[in-house]
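*Asks:* Submitted below is the structure of interest, expressed as structure tokens.
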């Protein structure tokens, strides 16, 4: 699946290369970026999507800003960097990895403020690359932790895309699926279509199918029936932000899946890199929810699917209550309820 990596870095040409996910599965095209403005647009327009991938992309975007920042003194350089960081951070408000990656880059600049500005620019380049490489390792470790909760022969439901296309590699929710495939396990994955942008059918189903994993696409409103038929043994989803109490923001529709899973007694697992866990956000009520273009709901494939001018409510995310979550699986280990206490302990390790 190397050809379907969401993010590539060209070290020789100093360019970020992103897979255009808005045209999948019909076309596979990559777009090159070397400016903060281009990176902003790639995040806003969902050329790149998925919290981990957004964070990595933003880190490179801030490096591109640093490249053209003033070099006369650190104060002017950092002022410019902060302005561009705020600009990039405004591209999508819900995914905490975005602000996390930008803060890491800012901190790296501050740590080296006594050095020549040109040297700081090189340091930020290496820091963006480190964030990229770290994401790959985090995803693999999450998969290794998640697979301990699964068994050969299981049926797994996932929602949206927390796969390789949402991260630097492996994915979070899909990482154990790739590892199980390597082990020779026989298992089935059911991929919710995920209205309105269809990330489950256009992205998750695509990458799993290409990897030779047994995947079946279902519409979102089929999940209850599939669960009632005993076809689902576990639900695994990713996340865009986890609050301190375990409430989890993920793609719209995830909350409904969690309610169904709880009703049918099916474990609900959140695959969460620690950068997606926001201890400073107390509960899900404090998570900002992005509202997206109404036309994502009212038109598709060049045709209107609702009356022109009809009112539309199109939040990009919902919040799954912590009561509906069986475990939050991170690269540092598996966290069980009570989440408020145990997530805090996770960061004290």
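Using N, Cα and C of the backbone, Cβ positions are placed for all residues, glycine too.
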*Asks:* Which single residue out of 199, 229 does Swiss-Prot record at the substrate site shared with 49, 50, 51, 92, 250, 251?
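*Replies:* Candidate listed by Swiss-Prot for the same site: 199.
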*Asks:* Taking the center of the Cβ atoms of 49, 50, 51, 92, 199, 250, 251 at the recorded substrate site, which other residues in this chain have a Cβ no more than 8 Å from that point?
*Replies:* 54, 95, 160, 161, 162, 166, 238, 240, 316, 317
*Asks:* Give the helix, strand or coil assignment DSSP yields for residue 160 (site 'Transition state stabilizer').
*Replies:* coil
*Asks:* What does DSSP say about residue 251 (substrate binding site): helix, strand or coil?
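*Replies:* Its secondary structure by DSSP: strand.
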*Asks:* How many other Cβ atoms sit within 10 Å of the Cβ of residue 251 (substrate binding site)?
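*Replies:* Total other Cβ atoms inside 10 Å, all chains included: 28.
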*Asks:* What Cα-Cα separation, expressed in whole Å, is found between residue 251 (substrate binding site) and residue 240 (active site, proton donor)?
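*Replies:* With the alpha carbons as reference points, the distance is 8 Å.
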